[in-house]
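**Student:** Below are the structure tokens for one structure; questions will follow.
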């Protein structure tokens with residue numbers, strides 16, 4: 001095996017057929033883009049960006065309030081579990097309605113879901129297993145029975 005040094009890492013290339021350094025660099029760039037969503041042409045290669053934290057207040061049917069931290073990369077259900085809270089769920093993919101809550105303030109992205117109808121979304125219903133908080137939010141939990 002030959003070793004080729006690019007910037008600060010070494011790539012081992014089998015000597016089955018000779019690959020020019022420019023071909024190896026292109027292959028590495030394509031693999032990084034394909035497998036990891038990375039691209040040095042974006043100018044952010046190798047940088048890590050922290051997502052802005054959102055406060056999500058969860059209100060149980062009994063009126064108990066819990067505030068958790070969330071961000072737009074982690075659904076409300078997962079953020080609640082990370083904080084040690086238990087919320088109802090089943091599918092974790094936005095297809096069953098078990099985790100339904102009602103958003104009374106704030107904004108979420110739940111574009112990955114397929115269970116709720118547009119009318120239900122307009123009334124504020126969300127699926128906590130897919131809802132990503134885009135702003136600070138207040139959510140009433142355990143609202144599956146409202147959908148029936």
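For all residues, glycine too, the Cβ spot is worked out from N, Cα and C.
On a predicted model such as this, the values are computed, not experimentally measured, just so you know.
When I checked Swiss-Prot for this same protein, it listed these features:
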type    : residues        : note
TRANSIT : 1-49            : transit peptide
DOMAIN  : 54-145          : domain '2Fe-2S ferredoxin-type'
BINDING : 91, 96, 99, 129 : [2Fe-2S] cluster binding site
**Student:** When DSSP states are grouped into helix, strand and coil, how many residues of the domain '2Fe-2S ferredoxin-type' (54-145) land in each?
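**Tutor:** Computed counts for the domain '2Fe-2S ferredoxin-type' (54-145) are 14 helix, 31 strand, 47 coil.
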**Student:** List, in sequence order, the same-chain residues at least six positions removed whose CB sits under 8 Å from that of residue 99 ([2Fe-2S] cluster binding site)?
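**Tutor:** Non-local contacts for residue 99 ([2Fe-2S] cluster binding site): 77, 87, 88, 89, 90, 127, 128, 129, 144.
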**Student:** Counting Cβ atoms within 10 Å across all protein chains shown, which of the binding-site residues 91, 96, 129 comes out on top?
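**Tutor:** Going through 91, 96, 129 one by one, the largest Cβ count within 10 Å is at 129.
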**Student:** What other residues of this chain sit with their CB within 8 A of the center of the CB atoms of 91, 96, 99, 129, the recorded [2Fe-2S] cluster site?
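**Tutor:** Everything else in range on the chain: 77, 89, 90, 92, 93, 94, 95, 97, 98, 115, 127, 128, 130.
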